[in-house]
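Participant: So TrEMBL lists these for the protein:
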type: ACT_SITE; residues: Asp148; note: active site, proton donor/acceptor
type: BINDING; residues: Asn8, Glu377; note: Mg(2+) binding site
type: BINDING; residues: Lys15, His206, Leu207, Gly208, Asn209, Gly210, Asp281, Met282, Arg283, Gly326, Ile327, Gly328, Glu329, Asn330; note: ATP binding site
type: BINDING; residues: Arg91; note: substrate binding site
type: SITE; residues: His179; note: site 'Transition state stabilizer'
type: SITE; residues: Arg239; note: site 'Transition state stabilizer'
Amino acid sequence: MTHVVTLNAGSSSMKFGLFELTDDDPIMVCTGAVERIGEPEPLVKAKSSDGSVLASGTAGEIRDHAAALDWVLNLLARSFPNSDVTAVGHRVVHGGPEIDAPVPLTKASIQELDKLSPFAPLHQPHNLAGARAAMERFPNADQIACFDTAFHRNHPWENDVFALPREYYDKGVRRYGFHGLSYEFISDHMAKTAPLLHEGRVVVAHLGNGASMCAMIGGRSVGSTMGFSALDGLPMGSRCGQLDPGVVLYLMDQEGLSADEISDLLFRKSGLLGLSGLSNDMRTLEKADTRESRQAISYFTFRIRRELGAMAAILGGIDALVFTGGIGENSRLVRERVCSGMGWLGIELNPDANADNDRIISTDLSRVVVMAIPTNEELVIARAAADLLAKRPRLRTA
Ligand code: AMP
């Protein structure tokens, strides 16, 4: 049986999946993650499609992404000795202004993508390190990159620019938008399960440790809350979200912070963590019930509501609101807060359906259908790999 391995390498984590290729949709065999790469006590977890746990807990030293990949591949070889890996699909955060679809990876194309690393310094180098390591470990497998930016690349010009002198736009300082693999999954899922809504005006809120929202018409992105980097828009686990650029100038000029220190502040110490002073994790904040944790949740849901109103204005109203991501799929509290008082927009939440975590959580009379749909970025990568393999049975990595 032929298989695809999917890799999603973050700054200190590597999520992975193993999928069996079939004539139809790829079938998930196993998924998992290595977390805290390079730290004293790395965490590993993996489970197969039948729910059995293949790994869980702390692992010995995993000093870098190559070591993480070794751990993943050893686990897969041990647990699924008969799998024949014909392709490895990689999540790559940045595809730049031109790329709007998955591409085969070669050593040359990895070098080209490395030129985009200054645009996503905390993600791109790690994504590409994963791709390089996979090429060494699977010299005969095809390598395929799927981009978080690709889904948004054809959005309107007004959503693509900042009001800076034009030369910066030409240099690539644009609003790219991210979480594209998640939005693609939701768009495909709606096309299959709710085709009429899919044709309409949909806002998807991907609320996880990273968070953004996407406005879609006919399943295509027309706007995103994330812009040039994965910092803009909604506040996130530890990222600030929308910020007056004057704050950055103040931090530099008056507080004397260096670029690295500001980056650390905005990416790792802000958002829910910064506001609560407690945690970046929504479950912890919901349980904590301190003034600061309540305020952090309030700011989070306030910003989602604000962006929802803005997107509704651009779309001329909305037909569906979809929650996804770890928080969107699970947090009854956040969904309830986002939807409350949104009757003017046609949103009427069904409290029982919300409490039960149903797929449709609006009332029958609600003009807007509100849904909670689990995302599956790994499946999007596996599908892309299967499609490219079907078109070109043997891609080469030379
Ligand atoms: P993700 O990055 O998509 O894995 O999402 C991680 C976020 O989802 C964390 O903030 C978790 O606390 C949050 N989350 C996961 N499960 C729940 C839950 N049952 N209730 C509230 N938040 C949750």
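Even glycines carry a Cβ here, placed using N, Cα and C.
Note that TrEMBL annotation is computational and uncurated.
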Participant: Report the same-chain neighbours of Glu377 (Mg(2+) binding site): residues 6+ apart in sequence with Cβ closer than 8 Å to its Cβ, ordered by sequence.
Facilitator: Asn8, Arg91, Leu181, Ser182, Phe185
Participant: Out of Asn8, Lys15, Arg239, which recorded positions lie by ligand 1, with a C-beta less than 6 Å from some atom of it?
Facilitator: none
Participant: Calculate the distance in Å between the alpha carbons (Cα) of Asn209 (ATP binding site) and His179 (site 'Transition state stabilizer'), and round it to a whole number.
Facilitator: 12
Participant: Looking at Cβ-Cβ distances, which residues of the chain lie under 8 angstroms from His179 (site 'Transition state stabilizer') while being 6 or more apart from it?
Facilitator: Asp148, His206, Gly210, Ser212, Cys214, Ser224, Met226
Participant: If you skip the near sequence neighbours and keep only those at least six away, which residues in the chain come within under 8 angstroms of Asp281 (ATP binding site), Cβ to Cβ?
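Facilitator: When sequence neighbours closer than 6 are ignored, Asp281 (ATP binding site) has Gly237, Leu272 within Cβ distance under 8 Å.
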Participant: Using all protein chains shown, find which of the recorded positions Lys15, Arg91, Arg239, Arg283 scores highest when you count other CB atoms within 10 A of its CB.
Facilitator: Arg239
Participant: How far apart, in Å, are the two Cα atoms that lie farthest from each other among Lys15, His206, Leu207, Gly208, Asn209, Gly210, Asp281, Met282, Arg283, Gly326, Ile327, Gly328, Glu329, Asn330, the residues recorded as binding ATP?
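Facilitator: Between the outermost Cα atoms of Lys15, His206, Leu207, Gly208, Asn209, Gly210, Asp281, Met282, Arg283, Gly326, Ile327, Gly328, Glu329, Asn330, the distance is 21 Å.
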Participant: Taking the Cβ of Ile327 (ATP binding site) as the centre, how many other Cβ atoms fall within a 10 Å radius?
Facilitator: 27
Participant: With H, G and I counted as helix, E and B as strand and the rest as coil, say where DSSP puts Leu207 (ATP binding site).
Facilitator: strand
Participant: Near Glu329 (ATP binding site), which residues of its own chain have a C-beta under 8 A away, given they sit six or more steps off in sequence?
Facilitator: Phe323, Asn357, Ala372, Ile373, Pro374, Thr375
Participant: How big is the gap, in Å, between the Cα of Arg283 (ATP binding site) and that of Arg239 (site 'Transition state stabilizer'), rounded to a whole number?
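Facilitator: Arg239 (site 'Transition state stabilizer') has its Cα 17 Å from the Cα of Arg283 (ATP binding site).
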Participant: When DSSP is mapped onto helix/strand/coil, what comes out for Arg239 (site 'Transition state stabilizer')?
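Facilitator: Coil, per DSSP.
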Participant: For Asn8 (Mg(2+) binding site), which DSSP three-state class applies?
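Facilitator: It is in a strand.
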